[in-house]
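The domain 'Protein kinase' annotation in TrEMBL covers 11-279. Summarising the annotation, TrEMBL assigns ATP binding site to Lys40. According to TrEMBL, the region 'Disordered' annotation covers 457-479. Under the heading compositional bias 'Pro residues', TrEMBL lists 466-479.
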Amino acid sequence: MSSLQVVAGRYQLVRPIGAGGMGRVWQAVDQQLDREIAVKLVKPDLLDGPQRYEAAARFRREARVTAQIGHPGVPAIFDAGLDDASGELFLAMAYLPGLNLRDLLDEAGPLPADWTLAVGAQLASVLEAAHAKQVIHRDLKPANIIVGPAGLVHVVDFGIAAVLDLDAARLTATGDKPGTLNYMAPEQIRAQPAGPAADLYALGALLYEMSTGERLFADRGSAYEVQTAHLKELPDPVRRRRPDMPAELDGLVSRLLSKEPADRGSDAAAVYLRLAELLAAAPASKAPTRDCGDPTWPFRAPLAPARVAAEAAAISPRPTADRGTERLAEADLAYAAADYSTALTAFRSLAKDYETPDPALALHCQVRAAQCLAALGNAASALAGLSSVIERQRRLLGERARPVLRSRRVEVDMLAAVGSGPEAHRRLAVLVPEMAAALGPADADTIEAERLLRAWSAPPQAGPGWPTPPSASPGSPPR
């Protein structure tokens with residue numbers, strides 16, 4: 001336990017949950033609001049001298065801007081400032097359960113193609129939202145990325161590197177530039193201003209590492225050699241190390257790792273759309289670990305209404321690769337950003353446009369529209385419409401088709417959302433063996449549904465909504 005027990009007279013430290021070159025992260029309790037939070041403490045020795053209070057003021061400004069990003073992949077920020085008792089800058093923010101990408105890569109090694117694409121797409125979505133607010137991360141790396149229990153990717157530590165760059169001469173004299181060497185863009189190594197393109201370079205380095213299992217230029221013998229490689233050398237192509245990865249991903253990574261910022265582009269939204277398109281075509285893989293959520297779920301299983309106590313929310317098919325990919329990706333992005341009204345309009349428009357040329361896609365979009373309607377608080381209407389859609393899917397695709405089974409899984413969650421927990425449990429119990437027979441017991445959809453069913457090992461008794469398993473409290477996702 002730190003000698004600092006309470007930060008800013010309010011935040012009780014509980015246990016350390018992370019550490020890095022700039023400071024430590026603690027699980028803590030907000031004593032005023034009695035809620036669990038996380039507190040980031042920046043090392044005092046990075047703020048020696050008369051600039052301490054200037055740094056604190058700038059830190060608050062950075063935190064305020066970061067709080068305005070308003071993306072589900074960026075943790076909510078509650079407070080920031082300088083704790084006079086300890087001389088430490090602190091950042092109070094939402095506590096994020098999950099596994100950081102560093103630990104995931106160390107445990108699982110190279111990730112499956114669909115996981116790599118899904119994590120990359122979610123990161124690009126976060127970067128687009130941040131860059132729109134003129135916020136540059138500057139230190140995007142696996143340790144700053146958390147994959148949550150439902151597969152949502154969170155990016156932490158926005159703005160901290162910028163705050164600590166008040167005295168560039170002092171920092172560069174020790175070689176301690178803001179950033180982490182294996183993910184630093186050439187312009188950062190040269191101590192030049194870092195814009196959105198620097199974050200995209202780091203994203204390219206992350207895609208490379210997730211694909212190959214190796215950090216960019218990790219085979220170089222010294223920090224100087226790594227810096228030189230960033231400035232002058234090209235890494236081996238991804239497909240030379242992972243022939244199973246999409247060729248288009250290889251090309252995208254090469255572009256993101258361009259030495260000149262202008263050659264990378266600065267449009268994270270375009271990167272998101274490309275990765276989402278590749279993800280739509282990628283086959284589903286077996287999860288490399290059970291220690292974190294599947295990052296493909298937010299695309300094929302967007303966030304369910306809060307009342308639905310299920311880890312994997314409503315399941316729907318991935319968009320097809322050859323029809324409406326860009327519009328579907330934009331609608332998915334709106335949903336992920338909790339802009340349900342925009343997403344609802346987009347999915348309804350897509351359903352109408354593809355009713356004749358691609359009825360299966362049109363029905364998929366109707367399922368997604370129902371999910372949006374439920375997220376807007378009208379689960380009863382969404383459920384009524386969904387039942388009709390499922391019946392049409394059955395007639396078009398057959399009882400055992402994956403889209404039909406996934407839509408039935410959506411129906412289970414909506415039944416729970418309207419308070420019909422017993423019926424939701426009954427239908428899930430029927431659905432799981434049917435999914436195993438049609439898709440196989442090792443299929444990702446089957447495993448997810450079976451895990452949810454196991455969380456409630458007995459049929460619910462009286463009372464609305466999902467039954468509460470012994471290990472979970474109401475509203476908490478089963479682990």
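Including glycine, each Cβ sits where the backbone N, Cα and C put it.
The residue listed as 'ATP binding site' counts 24 other C-beta atoms within 10 Å of its own C-beta, drawing on all protein chains shown.
DSSP assigns Lys40 (ATP binding site) to a strand in the three-state reduction. If you take every residue in the domain 'Protein kinase' (11-279) and average the pLDDT, you get 84.
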